[in-house]
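Residues or ranges marked as signal peptide in Swiss-Prot: 1-23. Sequence annotations record features per position, and here Swiss-Prot assigns domain 'C-type lectin' to 24-152. Marked as disulfide bond by Swiss-Prot: Cys25-Cys36, Cys53-Cys150, Cys125-Cys142. Annotated Ca(2+) binding site per Swiss-Prot: Ser64, Glu66, Glu70, Glu151, in sequence order.
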Amino acid sequence: MGRFIFMSFGLLVVAASLRGTGADCLSGWSSYEGHCYKAFEKYKTWEDAERVCTEQAKGAHLVSIESSGEADFVAQLVTQNMKRLDFYIWIGLRVQGKVKQCNSEWSDGSSVSYENWIEAESKTCLGLEKETDFRKWVNIYCGQQNPFVCEA
């Protein structure tokens with residue numbers, strides 16, 4: 001009997017270790033390639049959404065999308081976890097200054113290495129648009145209140 005309990009415990013430890021980085025995420029968060037994500041149905045301005053993200057977990061910010069795979073993951077997270085799908089979802093990027101160019105950094109400080117624009121405008125903040133199944137970026141007025149996705 002003792003041997004059975006020891007073996008069962010050993011298998012449990014192995015199974016838990018094989019689950020990967022998902023075990024490192026807070027409850028209610030989802031993992032993708034070593035990062036944790038959570039979709040929030042709270043309606044906030046871009047700045048307020050960023051503040052909420054930083055209060056949720058250590059190192060958290062509005063999501064920074066760095067690949068098409070991550071874009072697909074975030075789109076799926078939004079559609080599966082939000083009851084009411086509005087037109088836009090905040091992401092952690094905004095235009096800085098008067099030039100119609102994207103700032104070279106996400107709100108978490110990482111460089112922009114992947115872009116997926118619908119079209120570039122100068123409304124200063126960016127979000128994902130429902131019409132593109134939340135896969136394309138669109139400029140939105142920063143004072144508009146939208147749901148958002150945090151990444152830690």
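From the backbone N, Cα and C atoms, a Cβ is placed for every residue, glycine too.
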Secondary-structure category, per DSSP, in which Glu151 (Ca(2+) binding site) falls: strand
For Cys150 (disulfide bond): intrachain residues, at least 6 apart, with Cβ closer than 8 Å: Tyr37, Lys38, Phe40, Val52, Cys53, Gln56, Ala57, Ala60, His61, Leu62, Val63
Cys142 (disulfide bond) versus binding-site residues Ser64, Glu66, Glu70, Glu151 - nearest by Cα: Ser64
Proximal but sequence-remote residues of the same chain as Glu151 (Ca(2+) binding site) (Cβ under 8 Å, at least 6 apart): His35, Cys36, Tyr37, Cys53, Ala60, His61, Leu62, Val63, Ser64, Gly92, Asp108
Near-site residues: Ca(2+), ref Ser64, Glu66, Glu70, Glu151, CB cutoff 8 A to centroid: His35, Val63, Ile65, Ser67, Val74, Trp106, Ser110
Integer Cα-Cα distance in angstrom, Glu66 (Ca(2+) binding site) to Cys25 (disulfide bond): 19
Rounded inter-Cα distance in Å - Cys25 (disulfide bond), Cys125 (disulfide bond): 27
